[in-house]
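The next block holds one structure in the form of structure tokens; read it before the comments.
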């Protein structure tokens, strides 16, 4: 019997006797086929695959050294007997590629098209990119290295999905163009090269290496087969960032949220039996952003080019955080003596409720309110600080519940009496009391408007607080002017105006003014550090039931709430539109820690103030400014590029698009400094260039032109009113002399 590494040359001699009816096979073709087979076998872990690979490697060497001349001779003789083949028609494929050069800042990013003949190109996207760079455009910039899906350097967005160019096959449909972008929501170095500095900085923060306090002397620290299997699906990650840059949470909070790839790597070390720093690694992530920003939408698993599941690893970390001593969760009904211990559902609620709904649809009608209240009574500050299960981001709860309930039982969840009972009971009972005192921080235009509406419409006493007494005096003077105006127009009686005045108290001392406030509304400038400082003080000053809201128009609620230690669940966004007394809508933004009571009380107050509340997700710019600021910014860019005058831009929107106010006049009214601050926040948090503020806007703010408040913006103002241009000519009799001695 021949050894396994022996290759009989007679096998190749027989293979070289090629019949004329078959195309000739050259030595390079056979060698390439063997190389491809070796590559495929190398990715397989089975014993049979390794044996096959060991047989093919000597064959590859044999062809290279001894059989190449003979095969070339046979191939050439065979080719002479063949008729010349007709050349294939070219198959041109269009590739549309994102281009941006930092050395040419005046040029905006663009999509550039290239045509590649697929007959003369490899099968992968990376082959096409290399061909374009070598033959058409040497300035095209992209990363590549191994070309085998191992290094992850060629990660990019191809046809709307993040993947590796070396593993992504070209769509052979020549009628459809292939669009290639850099990884989404990342800063771009050049063309389709993303800047992953922050990504690798976060990876470094988890300390991705074995950490031990004790080392066995004189022996290896080996793992059992079971311990080694726990790392499967984790260590294969190549850190290409495809999963992290497909995650919306990472788009919005990449400076704080670690992202799927880094969290999966963190769990890789937590699951390693040789590592002894598991508790310390968990402690590093015990905040609202690093881990719990994950909403489990599973984009990461769908886009991973290696077929890994970061979402599962993240849930394993969270599940580990929920375990008590003994591995069981305490029942939500204290004193009932029942425990949750179900490995399939992996969520902290008793399985008996699910059984009732599954087995007894009629009986479940009676138990449905109890089930609903039981779910909602979970301590949200302990279980991920999120309401459960309707707004949860824990898929096992939602998916297994939906699959287990019969249609009749599932229908119960939509009944009004169940929906009305979906409330969380984590806050204190004092929060259910009627609001008796509201505090407003900031005596500017927005703060005064909020205080005035609360006192006039909701009829609730208000404390208006500002550190600057001059600002308070100015606001009260303006309020008096508004009240007198409404009295003169018979919109208010003198007694009603006096009642409104009596409900508004002013102070420069936040501690004394807000010590008894039931609801606080912060309305200071859009500066994150300033807002965090205020909320840090409010958490200590205000009563434990007080709701702390912010009138921010762009800064994340979760970022602000992080500063309110111990009161995170009572922080919410309450964004009023300017002018507050006139505007009908208000944005209510729920942060990741915000409780149901806080949301409900805020909605009730908004309605009591005569506003229509519109709820929004905690995202950069929320709803209003996510749409409004790009609209204003684009109008400024049109002016900057000379596409029209300021009057033309405003008139086309008011007269042609039925807008009540032109975008440039609206920017003056809001405040150019405010518009710039909001645009900067949205641009920074999203990383999207379409939100980049105009250069002209930044220059006007630097010049002190803030709009109506400063008397000059895109237009000039006097006493809050726009100055009208006068084009009057001086009339004179014929032949009379003008002041400049001209007739």
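Cβ atoms here come from the backbone N, Cα and C positions, even for glycine.
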Per TrEMBL, the range holding region 'Disordered', considering 16-40, 41-65, 66-90: 66-90
Model confidence over the domain '2Fe-2S ferredoxin-type' (93-186) (mean pLDDT, whole number): 92
Tally of residues which DSSP labels helix, strand or coil - the domain '4Fe-4S ferredoxin-type' (227-257): 11 helix, 0 strand, 20 coil
